[in-house]
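Listed features, source TrEMBL:
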ACT_SITE  HIS158  active site, proton donor/acceptor
ACT_SITE  LYS162  active site, proton donor
BINDING   GLY10, ALA11, ALA12, GLY13, ARG14, MET15, GLU36, GLY100, THR101, THR102, SER124, GLY125, ASN126, MET127  NAD(+) binding site
BINDING   ARG37  NADP(+) binding site
BINDING   HIS159, GLY168, THR169  (S)-2,3,4,5-tetrahydrodipicolinate binding site
DOMAIN    5-127  domain 'Dihydrodipicolinate reductase N-terminal'
DOMAIN    130-267  domain 'Dihydrodipicolinate reductase C-terminal'
Amino acid sequence: MSDMGLVVVGAAGRMGLALVRAVHEAEGARIVGAVERKGSPALGKDIGELAGLGPSGVAVGDDPLAAFATADGVLDFTAPAASVEFAGYAAQARIVHVLGTTGLSAEDNARIEAAARHATIVKSGNMSLGVNLLALLVEQAARALEAKDFDIEVLEMHHRHKVDAPSGTALLLGEAAAVGRGISLSGNDVRVRDGHTGPRQTGSIGFATLRGGSVPGDHSVILAGNGETITLAHHAQDRAIFARGAVKAALWARGRKPGLYSMRDVLGF
Ligand SMILES: NC(=O)C1=CN([C@@H]2O[C@H](COP(=O)(O)OP(=O)(O)OC[C@H]3O[C@@H](n4cnc5c(N)ncnc54)[C@H](OP(=O)(O)O)[C@@H]3O)[C@@H](O)[C@H]2O)C=CC1
Ligand SMILES: O=C(O)C1=N[C@H](C(=O)O)C[C@H](O)C1
């Protein structure tokens, strides 16, 4: 089979450049397009040069539909409104859409689900191997430790540029804890605490957010009981872990029927 042709959207962003480097290093995939928004200073520049790889022959453009028409898949770590639009274009082109953007609303998710009738979409708040394994462990721990005995809190820290909170990963880990507990996260989540909050509600899942510096992504799930705490944690040291996961997801999705898949489907756990 020929190499999978991939378009990177948001190609000049932090994750965009990491994705270009990950595709360059991967076997079985190549970059066929790079897209940024109209007016971006990156337009017209060679994406290989921008990523520090040398000339690639692929210039950054601002026409996603034209780029998708020549591709087998798209790698998308951009912004919610853009990702919803790209999911629609991926459906029109009947291609793979690897979607890592976080901060999606319920309405965004409904539109992405609709696009997945025709596109093969792999979507996850975190594409790294480590976090997806962590989610499995959190689910098991939450199942093993009863809500009356152990409170669950999710703590995350990210770089100063991050615009959404709680992080997609924190929500993914909260969902895993909720699955383990046999409850829905929605309605049991406590995303912010301020002022006179009253005592903690048994069975709730709390979130706390820190922002600063250049931290690529730190997450801890704390199970706090009487006299002991258990902390399950993941520390990202390099965005390459997310980018490698995204390329793996694209290669896994190639040739699969349209639908909405998760990173746990890709990794088999
Ligand atoms: N699932 C995962 O594993 C991970 C997810 N993420 C998520 O990925 C997203 C991006 O993060 P990051 O790379 O740090 O952010 P950046 O802001 O560095 O990159 C986003 C890029 O997308 C571009 N963009 C936005 N809208 C459009 C559009 N309509 N068309 C084309 N390009 C567009 C931005 O351009 P401009 O600057 O002009 O707006 C920017 O270049 C976030 O939601 C983040 O949470 C990040 C890491 C891992
Ligand atoms: O914005 C980021 O940087 C990251 N976003 C994702 C999230 O919201 O969890 C994944 C990773 O932690 C980095």
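Any Cβ shown, glycine's included, is placed from N, Cα and C.
Here the Cβ of the residue listed as 'NADP(+) binding site' has 15 other Cβ atoms within 10 Å, regardless of which shown protein chain they belong to. DSSP assigns HIS158 (active site, proton donor/acceptor) to a strand. Across the domain 'Dihydrodipicolinate reductase N-terminal' (5-127), the model assigns an average pLDDT of 98. In the three-state DSSP classification, GLY168 ((S)-2,3,4,5-tetrahydrodipicolinate binding site) falls within a helix. Within the set of binding-site residues GLU36, ASN126, THR169, ASN126, THR169 have a CB atom less than 6 Å from some atom of ligand 2. Highest local Cβ density among the recorded positions ARG14, HIS158, HIS159 belongs to HIS158, counted as other Cβ atoms within 10 Å over all protein chains shown. In the three-state DSSP scheme, THR101 (NAD(+) binding site) falls into the coil class.
ARG14 (NAD(+) binding site) has none of the recorded positions ARG37, HIS158, HIS159, LYS162, GLY168, THR169 nearby, counting only those with a Cα within 10 angstroms of its own Cα. Less than 8 angstroms from the CB of LYS162 (active site, proton donor) sit ARG211, each of them six or more residues away in the same chain. Secondary structure at ARG14 (NAD(+) binding site), taken from DSSP and collapsed to helix, strand or coil, is helix.
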